[in-house]
Amino acid sequence: MNGKLILARHHESEWNKAGRWTGNRDRHLTEYGFKKSEDMGLLIKDMAIDYAFASMQVRSIETLSCVLNICERYEVPTQHSSTLNERDYGDYTGKNKWEMLDLIGKEQWDNVRRSWDYPVPNGETLKMVYERAVPYFLENILPKVKEGKNVLVVAHGNSCRALIKYMEQISDKDIADIEMPFGALIVYDLDDVGHLVNKEVRQTESNVNA
């Protein structure tokens, strides 16, 4: 029998709080982000976590550490991979997203944030994130699930969306409507090719406007 796949987004970082596009930059969690990451751990404390994955970025690693500590899973084997890193926002990295909304207009702003293949100057599209994250998922994460292990993955808004797109077989058009909120964990039952059989969303209250 396959194990569970638990997908989570890191919680609030310093640049999330400031309203800035963080992308491939490394920024620590805020005090609020640490606290809410612990709350996320409480949501899955009833589950035996056997293996964990995170990106190479510190906000993902800190969130994972908080969750595992609250779950009292101190010795869980963990892998980190840059394939799970956040999307590179290129020339928009570090810019205040709300100021950019005024500068480029809502249509272009929505395309930058949510669309499948909308280019960002010197950055990545969601499609490019998908093309690095999903092969890693299929080669490294899914085999653990198929071994019957409960696997926790802590990634980022866009790398989570890429994995959700694959697992839930969401179209290129409809992925624009999908967001991975802060404070949420999605517990998946998957088939042998990593597609959705069932899912349960567990959510802690979160006041992050990012």
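A Cβ is built for glycine as well, from the same backbone N, Cα and C atoms used for every other residue.
What you are looking at is a predicted structure, and each value in this text was computed from that prediction instead of being measured.
If you check TrEMBL, you get these features:
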| type | residues | note |
| --- | --- | --- |
| BINDING | 9-16, 22-23, Arg59, 86-89, Lys97, 113-114, 157-158 | substrate binding site |
| ACT_SITE | His10 | active site, tele-phosphohistidine intermediate |
| ACT_SITE | Glu86 | active site, proton donor/acceptor |
| SITE | His156 | site 'Transition state stabilizer' |
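This view paints the features noted in TrEMBL onto the structure.
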residue	record	contacts (Cβ under 8 Å, 6+ apart)
Arg9	substrate binding site	Val154, Ala155, His156, Gly157, Cys160, Met180, Pro181, Phe182, Ala184
His10	active site, tele-phosphohistidine intermediate	Leu29, Gly33, Ser37, Gln57, Arg59, Ser60, Glu62, Thr63, Val154, Ala155, His156
Trp15	substrate binding site	Trp21, Thr22, Arg25, Arg27, Gly94
Gly23	substrate binding site	Glu86, Arg87, Asp88, Tyr89, Gly90, Tyr92, Thr93, Gly123
State the count of C-beta atoms found within 10 angstroms of the C-beta of Arg87 (substrate binding site), not counting that atom itself.
25
Secondary-structure category, per DSSP, in which Trp15 (substrate binding site) falls:
helix
With every protein chain in view, how many other Cβ atoms are within 10 Å of the Cβ of Lys97 (substrate binding site)?
19
